[in-house]
Each structure stands twice: as C-alpha cells, then as structure tokens.
Amino acid sequence: MSLASIDPTKTSAWKALQKHLDNIKDTHLTTFFKENKNRANELSIKWNDFFVDYSKNRIDATTKKLLLQLAEETKLKEAINLYFSGAPINQTEKRAVLHTALRTPANKTIHVDGKNITQEIKKVKSQIKEFTEAIISGKNTGYSGKAFTDIVNIGIGGSDLGPHMITEALAFYQNHLTSHFISNVDGDHVQQTLKKLNPETTLFVVVSKTFSTQETLTNAQTCKEWFLQKSSTEDISHHFVAVSCNTENTTSFGINQHYIFPMWDWVGGRFSLWSSAGLSISLSIGYHHFNALLEGAFEMDTHFKESPFDENIPVILALISIWYNNFFKAETEAIIPYSQYLHKLPAYLQQAFMESNGKSIDRDGNPISYQTGSIIWGATGTNAQHAFFQLIHQGTKLIPTEFIAFKESLFQEEKHQDKLIANFFAQTEALMNGKSTEEVSSELNTTTLPEEQIAKLIPYKIFKGNKPSTSILINKLTPKSIGALVSLYEHRIFAQGIIWNIYSYDQWGVELGKQLAIRIEQEINTKTVNKHDQSTTNLLTEYIN
Ligand code: F6P
C-alpha cells in the first residue's frame, strides 16, 4: 500500500479555509478571547505531563473544524496507519519509515519485507546496553588498562544533531564520562577537541549510516592518526566503535566487528537517535535513562496513533503550522525553549523539519503550486528576548512562536525558575495583547518628558500585538519527557508532509553540493581550475593562489 496523492489545495476544506481567512484575518486575538470565555480551555490539551495551550493562535472554532477536515480529506489517518505498519512510505527510496519501531516494546510485531523486526531491534538494544555498561563500569578499558573518561561522537547531520541535542538536554543525568561531538570537517575544531583529550582514555564513536560521508570519514581518519601517535594499530579496535549500515567500510577502517552497531535503512538519519546512533546518549546517561527516552517517545507514538485528531497534539500543531504557512503566508516559525538544557533543540529541529519538508515536487511527481516546509529557527529564552524578540514584537513579519518550558527546576532553583517561567508567560501575553496608544500615553504622561516629545515617542512604543504563540508546558525535564517531546515533533513533521502531499523522508537536495565539493576538492589538490561559473572560478583562483 502506498500513500495517496491528494493536492491539498483541491480539497473543499482548503477552499473553505481560504474564504474563512478573509473573515478572521483582521480579528485581534484579544477579540477571540472576549468572544469566548472558555477559549483557553477549549484550545488546550492535557496529556500525561504535557500541557499544550494553543489558544493564543489566530484561529476560531471554524478554523479548527476546517483544518481537521483538511486532515481528513488528505487522508492523514490512513497515512498514519501506513507509517506505523512499516509500509514503504519513503517511496522515492522504496523504504519503510520505522524509527517508531525502535521504541515499540519487543513483544509487538512489525514486519518489513515479511520479517518481524522487533526481535532484531531487541538484539541490538542488548548490544548497546552491554557495551554501555562495560564502558561506564570500567570493565572495558583503553589500551593501557585505564578506564575510559571521554567519549567523542564523530558524525554529521542526523548522526550528530540528535545524539548531541539529547546529550546536552539530559546533561543533568550524565555520569562521569565527558562527551564531545565532532561534526564539521573543520580541522581546527577537530584539533581543538583533541587537545583536551588523552588517547589512553578516549573512546571514539563513529556514527555514519552510510559510512561514506566525507566529513565524518575525514574527521575519523584525523582522530585515528592522532590516536596512533601514542598507540598501535591493534589498539584501534578498543578505542573506535562504529554505528553504521555499511559493515564493509567500517571493517576496512579497522573497527572490530563486535563493535559495529548496526542501523537499518528504514531509519532515516535525522530520526536515528533512538537507534544505535544514540550510543553516545546511552554512554553519557546510562542505558536505563536511554531506555526511558525511548519509552517517552513510545507514549507519544501511541497518543499520535490513537487519539482523535481534535485532541491529538502533533496533529493540532501540524495544522496550526499549515494555517500560518499556507494561509497567512508566514515564512518562518520560531521555537523558543525556556531551558538552557534545550539549547540545541532549535538546531536539531531545523534539520528534522527542513530536511524533511523542504520539498517542491508532489507525490505524483509534479511541481507544487503552494508553500511547503516553513523555516524553523530559534534560541533559548530568556536569551532570545534580548536578541531577536524585538523583530517578533514590532517587526513587519508574522512569526508564529512556540514556547517550551518545564514546571520544575532540576536543581530546585525556585527563585530562578519563577523568573524564567514568568518571562515565558509574559512574552506570550505581550505578543498577544501588545500595548495600546492609551497605555503608552498614560505611561509616558507619568514621566517628566515634554508633551511634544511624548507625542513623537508614542508611535514607536505602541505594540500592535496579535502575534500568535503556542505554549508547551511539561512537568519536568526527564529522559521520558524529552523522548515524548522529540517524538511529538517527528509526528508533526510527518503530518505536515502528508497534508502537503510531499515525500518527507528523502533528502536529494543535499546531494548536489556534496558531489560538487568532491570535484572542487580535486581541483584544489591539483591546483587546476576547471570550468565553473565566473564567480566560482574567481573564488577558486583566489584560494589556490
Ligand atoms: O546531509 C544529508 C545526510 O544524508 C543527512 O540526512 C544525514 O543525517 C547526514 O547526511 C549524515 O549521513 P551519514 O549518517 O550517512 O553519515
């Protein structure tokens, strides 16, 4: 069974939404609240330890009804069933999309090409558990007999962003091992990282699904050369492990076959942190916490699969996103976690959203006539408030903003926590309410400024408000809640891709640059400039000479 191909703009819901937009596009958010005393309750979802308030969005009951109808008309429910069942919904690569299987309990069955994969997953999880315990306990040591102290994850894209983001997010749960991440093929960064390390006590985890990625292989090679300055070739097998589908290339790199952690082609790179690609996470926080991360994700999977759409967090957030992207023509969405632990979440989500849904050909192979993947960006609050919030509040662009925070401080730092959360709530309130002429002038009238100056200042101090936001409030930052949060975004991305009628699980767009880079590198090595456009020729000449 394959995904249906339905042009969303041809559905009756889309046409009705277009008309409906004219009715509500000028309505101020504050008016929606005045008109409906129960709005905040109606437009919020409580699920496990999540509270999602989407009432500060420019929608009303009709918008919600029509968006839900859009999901129905584009056959989202049917697509969800195909997704979880292991159907090859990554049709351009003829693959299933089953990162969800990695967090499904082993007693369930999921078939890929007629084979139950849950038993295979169980085996690999035991391998991760055993290895994690051997490293953390000091049972496995480095070549000189000393216990490992440092883990270096070498990978890029999904082989870096997921493990890195989660390791930082769960730093509170981290054990004695220090984690490092090398991704960019920037030799300075590699050397800067190695400078702090002792080869005797460093374990390298080389993560590459294909084991052919230029950056990862170059970085791994440099690390190997550094390592061999103090050790011998036989020691490589104790200090380098690999996560990959490509056993041939890993073995020729010198990795012991017992330390090759398999991946499967039904796990996309940007959704791979739940697989062996999460080995660095497991090493950093211990297998039991890694497993809790998977459990949290599984709970969200179940919520997504089974909840009616009007109470389904990923579906509702996907629909709101489409509402702004396709009807309000918003170009970007900001994601602002009010937790420093989540400082890498925006970068992680950029890959997840933009590599998945940055597509312009529909599922019938035709160019698309509407907007798809929105641009995701963000940073942690309150830092972001002091950096770019000015533009969100008073700029000319509409930027739907998502706020994420935890009710509890992990260190019970109540004083800080209250201030942090107060800032979050204050921003959403300010974005919505703005500040009227009356408010601004009565505030200025309490000052000693001359009347003439007050009159000049007023327009600059007015905030129109009506800036939408969604708030996600979670009880506590735990492996489980982070698992659920990431899974929420994965499903939201899926739902958006389905409605936009695109394929979300390939990434052909990144290939062209990779191919050209290989050709240009050869030209640099041989100091010959082949045929390029004028600008690239000049750049190359400037660099070579
Ligand atoms: O940039 C494209 C990409 O294929 C990502 O999707 C992937 O996460 C990354 O490269 C790394 O690929 P690999 O794990 O094969 O090294």
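Keep in mind that glycine also has a Cβ here, set from the backbone N, Cα and C atoms.
According to TrEMBL, the feature active site, proton donor maps to Glu355. If you take the C-beta of Glu355 (active site, proton donor) and look for same-chain residues 6 or more apart in sequence within under 8 angstroms, you find Gly157, Arg270, Gln507, Val510.
Within the same chain, no residue at least six positions away from His386 (active site) has a Cβ under 8 Å of its Cβ. The active site annotation in TrEMBL covers His386 (among others).
The annotation active site is assigned in TrEMBL to Lys514 (among others). Taking the Cβ of Lys514 (active site) as reference, residues of its chain lying under 8 Å away and at least six apart in sequence are, in sequence order, Gln214.
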